[in-house]
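Enquirer: These came from Swiss-Prot, pasted as-is:
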- GLU52, HIS60, HIS62, GLU104: divalent metal cation binding site (BINDING)
- 254-264: compositional bias 'Polar residues' (COMPBIAS)
- 11-114: domain 'CRESS-DNA virus Rep endonuclease' (DOMAIN)
- 175-187: region 'Oligomerization' (REGION)
- 245-272: region 'Disordered' (REGION)
- 18-21: motif 'RCR-1' (MOTIF)
- 100-103: motif 'RCR-3' (MOTIF)
- 198-202: motif 'LXCXE motif, interaction with host RBR1' (MOTIF)
Amino acid sequence: MASSSSNRQFSHRNANTFLTYPKCPENPEIACQMIWELVVRWIPKYILCAREAHKDGSLHLHALLQTEKPVRISDSRFFDINGFHPNIQSAKSVNRVRDYILKEPLAVFERGTFIPRKSPFLGKSDSEVKEKKPSKDEIMRDIISHATSKAEYLSMIQKELPFDWSTKLQYFEYSANKLFPEIQEEFTNPHPPSSPDLLCNESINDWLQPNIFQVSPEAYMLLQPTCYTLEDAISDLQWMDSVSSHQMKDQESRASTSSAQQEPENLLGPEA
């Protein structure tokens with residue numbers, strides 16, 4: 001099977017974006033500058049990049065991006081840098097995301113001024129809005145709009161809804177198969193036609209020898225004790241082939257292919 005492909009449009013719309021670049025050794029400062037330039041149209045306010053190490057020693061990169069206007073993209077490759085593709089999520093709680101990024105960094109780079117959740121530039125002040133925990137519907141809506149593969153979809157559900165993932169995994173796998181169906185590989189003929197020989201004789205012979213019963217002169221000599229030489233065996237086999245071929249032709253010539261069969265002649269009965 002080929003890699004899976006989504007049957008719906010990727011969508012990201014948020015002023016707070018959380019990016020994770022797996023197995024990415026890029027310098028955080030360089031990554032920050034590249035991401036900053038990508039979102040100039042949405043007026044970037046703050047970006048934080050941190051490089052961390054996996055248990056196996058490989059490096060990955062986390063980034064928190066804040067813009068004055070919500071970033072609106074439908075291209076899942078929009079935030080790719082130097083060939084590295086990130087996992088893109090909405091940062092529902094920028095404070096927790098920032099703390100998570102800064103937990104064990106090997107290298108960090110920041111640009112701009114961090115804006116806590118529900119700050120005035122987003123339209124409401126801290127006193128007007130209380131932090132609200134997102135509902136399961138909101139979490140799933142965000143996962144569906146951001147996941148770009150079956151594995152990523154299930155991984156995001158496991159992270160955001162661990163209890164539901166552990167008790168309803170078969171349902172999530174079903175929805176993952178619907179969102180990211182497997183692409184059937186196009187059939188490739190192992191024996192493409194060639195000119196002037198349109199058949200691959202080697203492959204036909206490889207199949208012919210073990211699958212079609214053939215009597216060799218040597219085998220015939222073993223079955224016929226009165227046949228003493230190879231020439232006699234070849235002569236007998238040629239004679240049998242000729243006789244059987246003529247018999248087949250005679251049978252075909254006598255066979256009727258007409259639907260109108262000849263009726264028997266009506267004989268006169270005895271005179272009264």
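Using the three backbone atoms N, Cα and C, a Cβ is placed for every residue, glycine included.
On this model, are these features tucked inside or out on the surface, and what's nearby?
Expert: For the recorded site, HIS60 (divalent metal cation binding site), the DSSP three-state label reads strand.
Per DSSP, the secondary structure of the region 'Oligomerization' (175-187) breaks down as 5 helix, 0 strand, 8 coil.
Panel annotation: around the motif 'RCR-1' (18-21), residues 31, 35, 60-65, 79, 81, 84-91, 97 of the same chain, lying at least six beyond its termini, place a Cβ under 8 Å from a Cβ of the stretch.
For the motif 'RCR-3' (100-103), the mean pLDDT of the prediction comes to 91.
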Enquirer: Where else in the chain does the motif 'RCR-3' (100-103) make close Cβ contacts, counting only residues six or more beyond its ends and a cut-off under 8 Å?
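Expert: Result: 48, 50, 62-64.
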Enquirer: With the cut-off set at 10 Å between Cβ atoms, which of these binding-site residues ends up with the most neighbours? Options: GLU52, GLU104.
Expert: GLU52
Enquirer: Are there any residues at least 6 positions away along the chain from HIS62 (divalent metal cation binding site) with a Cβ closer than 8 Å to its Cβ? List them or say none.
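Expert: The list for HIS62 (divalent metal cation binding site) reads PHE18, LEU19, THR20, TYR21, CYS49, ALA50, GLU52, TYR100, ILE101, given in order along the sequence.
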Enquirer: Let's check the environment of HIS60 (divalent metal cation binding site): how many other CB atoms sit within 10 Å of its CB?
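Expert: Other Cβ atoms within 10 Å of HIS60 (divalent metal cation binding site): 18.
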